[in-house]
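Okay, so here's the structure we're looking at.
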């Protein structure tokens with residue numbers, strides 16, 4: 001995945017930031033959001 005500079009404590013928090021970044025799916029790893037490119 002692609003790490004974006006968004007802090008998180010759970011994967012659901014990453015859905016919108018990943019969408020806003022033009023990607024889909026978000027996972028929280030090491031307190032940062034990781035997105036899957038389209």
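Positions of Cβ are set from backbone N, Cα and C atoms, glycine also.
Record features, source Swiss-Prot:
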DISULFID  8-28  disulfide bond
DISULFID  14-33  disulfide bond
DISULFID  18-35  disulfide bond
REGION    26-33  region 'Interaction with Ca(2+)-activated K(+) channels'
Averaged across the region 'Interaction with Ca(2+)-activated K(+) channels' (26-33), what pLDDT does the model get? Just tell me the whole number, please.
-> 97
Fewest other CB within 10 angstroms, which one of the disulfide-bonded residues 14, 18, 33?
-> 18
For the region 'Interaction with Ca(2+)-activated K(+) channels' (26-33), find every same-chain residue at least 6 residues outside the stretch whose CB is under 8 Å from a CB in it, and list them.
-> 1, 3-11, 13-15, 17-18
Across all the protein chains here, work out how many other Cβ atoms are within 10 Å of the Cβ of residue 28 (disulfide bond).
-> 17
Looking at the disulfide-bonded residues 8, 35, the one with the fewest other Cβ atoms inside 10 Å is 8
Those disulfide-bonded residues from 14, 18, 35 that fall inside 10 A of residue 28 (disulfide bond) by CA distance are 14, 35
Tally of DSSP helical, extended and coil residues in the region 'Interaction with Ca(2+)-activated K(+) channels' (26-33) = 0 helix, 6 strand, 2 coil
How many whole Å apart are the CA atoms of residue 35 (disulfide bond) and residue 14 (disulfide bond)?
-> 8
Residue 8 (disulfide bond) to residue 33 (disulfide bond): how many Å between their Cα atoms?
-> 6
